[in-house]
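**Q** Quick one: the structure is below, questions incoming.
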């Protein structure tokens, strides 16, 4: 699978309905392709994390 495809290994959801899920993965230089709210450190390489809240988890990246 493409490394740019949206995926997440460490996803956490609340038990509410609908659930509120977020991905805790740290990626180098960019967030996954579906991320709208991405924050990166200024280090080289940059460590980026997606802060989107969704009602689902993306499929795992490592498979």
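The backbone N, Cα and C atoms fix where each Cβ goes, and this holds for glycine too.
Under the heading disulfide bond, Swiss-Prot lists 7-61, 8-23, 11-57, 13-21, 31-38, 35-50, 40-48.
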**Q** If you measure from the C-alpha of residue 38 (disulfide bond), which of the disulfide-bonded residues 8, 48, 57, 61 fall inside 10 Å?
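**A** Of 8, 48, 57, 61, within range: 48.
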**Q** Tell me, in order along the sequence, which disulfide-bonded residues from 8, 11, 61 have their CA within 10 Å of residue 21 (disulfide bond).
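**A** Those close enough are 11.
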**Q** Write down the Cα-Cα distance for residue 50 (disulfide bond) and residue 13 (disulfide bond), rounded and given in Å.
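**A** One finds 14 Å between the Cα atoms of these residues.
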**Q** For residue 57 (disulfide bond) and residue 50 (disulfide bond), what Cα-Cα distance in Å is obtained after rounding to a whole number?
**A** 12
**Q** Counting all other Cβ atoms within 10 Å across every protein chain shown, which of the disulfide-bonded residues 23, 38, 48 scores highest?
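**A** Answer by Cβ density within 10 Å: 23.
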